[in-house]
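A.B. asks: Among the features that Swiss-Prot reports, active site is placed at His52, with the record citing similarity to another entry. Here Swiss-Prot flags His88 as active site, nucleophile, drawing on similarity to another entry. Positions annotated as Mg(2+) binding site by Swiss-Prot, on the basis of similarity to another entry: Glu72, Asp74, Asp132. Swiss-Prot lists Cys92-Cys98, Cys94-Cys237 with the feature disulfide bond. Residues annotated as N-linked glycosylation site in Swiss-Prot, with sequence analysis given as evidence: Asn297. The signal peptide annotation in Swiss-Prot covers 1-15, and the record cites sequence analysis as its basis.
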Amino acid sequence: MSHSSTALLHPYVAARATEKFAPIYFFCHPLQSAETDVAERANKRPIWIMGHMVNANYQIDEFVNLGANSIETDVSFDSSANPEYTYHGVPCDCRGWCKKWEYFNNFLKALRKATTPGDSKYHEKLVLVVFDLKTGSLYDNQAYDAGKKLAKNLLQHYWNNGNNGGRAYIVLSIPNLAHYKLITGFKETLKTEGHPELMEKVGYDFSGNDNIDQVANAYKKAGVTGHVWQSDGITNCLLRGLDRVRKAVANRDSSNGYINKVYYWTVDKRQSTKNALDAGVDGIMPNYPDVIADVPNESAYKAKFRIASYDDNPWETFKN
């Protein structure tokens, strides 16, 4: 039957024949729209809003509900290099929550629930966790042990011994370049315990605002060749320029740089957030995510930035 032959049919039959093909016509549009969305998404830098000092279990829900898609948690160690508490202590940021705390392993269990699909406490948008490792209390020669013990704790209480544990990406943030062996201890322990594949979920950061070349040398000693986040910042009580951020961004965007992502802390003002985005950062770390979380959606920024999801690999350098 030719296309024109519907005109010869009874009006009801002709209408039904037209309806039969109508869904095909309308079905094309969502596909085109989806392709456009994917293309637009690929051209926007994914941004991680990293809630600062999330150290009590209830704060996980609180910060995600305020707009964070990632959190930073402080980890203190006992004299034997065991991770003991999630605790920052004083001094800390102006208007920050310095004294919230939890036993480290209890926090890991709560974090696992918050990042395990199907759990009643699951938050789909919580995709990255930075552990700010307070290794200043340790001797340099304890760094390897600290990494070893940290890995064992995470393996048991967060990754559930490799059996459907939490899915978030983890950044080990170390304040002292001399403690690079923490990375070695962590990596070798996961291998010894039979779960080297979990290193695919682990990245690194040296948070001491050291010279970029010195940081590169520490990674070389640790055998790290990827998964690198570079932090820069200062307490929100003080002002800090973006000079080092720009150096880190230049390293990230160069053909031979070692950095994959750059984040800036601690940012609680919208203008500071805009300045950091203008400088090209991948992450912003606020005490109050709700104050700044929608900045990437402002008209001046939404064509270039979007909030990162689990589909965004935090170890891949964004290329535009």
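Here the Cβ of each residue, glycine as well, is placed from N, Cα and C on the backbone.
These figures come from a predicted structure and were not determined experimentally.
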A.B. asks: So around the Mg(2+) site, Glu72, Asp74, Asp132 aside, which residues have their CB within 8 A of the centroid of those CB atoms?
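C.D. replies: The answer, listed by sequence position, is His52, Met53, Val54, Asn55, Thr73, Val75, His88, Val130, Phe131, Lys134, Ser173.
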A.B. asks: When a 10 Å sphere is centred on the Cβ of Cys98 (disulfide bond), how many other Cβ atoms does it contain?
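C.D. replies: Result for Cys98 (disulfide bond): 15 neighbouring Cβ atoms inside 10 Å.
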A.B. asks: If you draw a 10 Å sphere on the Cβ of Cys92 (disulfide bond), how many other Cβ atoms land inside?
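C.D. replies: The Cβ of Cys92 (disulfide bond) has 19 Cβ neighbours within 10 Å.
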A.B. asks: Quick one: pull the CA-CA distance for His52 (active site) versus Glu72 (Mg(2+) binding site), whole Å only.
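C.D. replies: Computed Cα spacing between His52 (active site) and Glu72 (Mg(2+) binding site) is 5 Å.
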A.B. asks: Cα-Cα separation of Asn297 (N-linked glycosylation site) and His88 (active site, nucleophile), in Å?
C.D. replies: 31
A.B. asks: Could you give the Cα-Cα distance between Cys92 (disulfide bond) and Glu72 (Mg(2+) binding site), in whole Å?
C.D. replies: 14
A.B. asks: Taking Cα atoms as reference points, which of the recorded positions His88, Cys94, Cys98 is nearest to Asp132 (Mg(2+) binding site)?
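C.D. replies: Sorting the recorded positions by distance from Asp132 (Mg(2+) binding site), the top entry is His88.
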A.B. asks: With H, G and I counted as helix, E and B as strand and the rest as coil, say where DSSP puts Asp132 (Mg(2+) binding site).
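C.D. replies: Assignment for Asp132 (Mg(2+) binding site) reads strand.
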A.B. asks: Determine, from DSSP, whether the residue listed as 'N-linked glycosylation site' sits in helix, strand or coil.
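C.D. replies: In the DSSP reduction, the residue listed as 'N-linked glycosylation site' maps to helix.
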A.B. asks: Relative to the Cα of Asp74 (Mg(2+) binding site), which of the recorded positions His88, Cys94, Cys98 has the closest Cα?
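C.D. replies: Closest recorded candidate to Asp74 (Mg(2+) binding site) by Cα: His88.
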A.B. asks: What is the interatomic distance between the Cα atoms of His88 (active site, nucleophile) and Cys94 (disulfide bond), given in whole Å?
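C.D. replies: Each residue's Cα considered, His88 (active site, nucleophile) and Cys94 (disulfide bond) end up 13 Å apart.
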A.B. asks: Over all shown protein chains, what is the count of other CB atoms within 10 A of the CB belonging to Glu72 (Mg(2+) binding site)?
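C.D. replies: Looking across every protein chain shown, the total is 27.
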A.B. asks: Please classify the secondary structure at Cys92 (disulfide bond) using three-state DSSP.
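C.D. replies: Once the DSSP labels are grouped into three classes, Cys92 (disulfide bond) ends up as coil.
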A.B. asks: Rounded to a whole angstrom, what is the C-alpha distance between Cys98 (disulfide bond) and Glu72 (Mg(2+) binding site)?
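C.D. replies: If we compare the Cα positions of Cys98 (disulfide bond) and Glu72 (Mg(2+) binding site), the gap is 13 Å.
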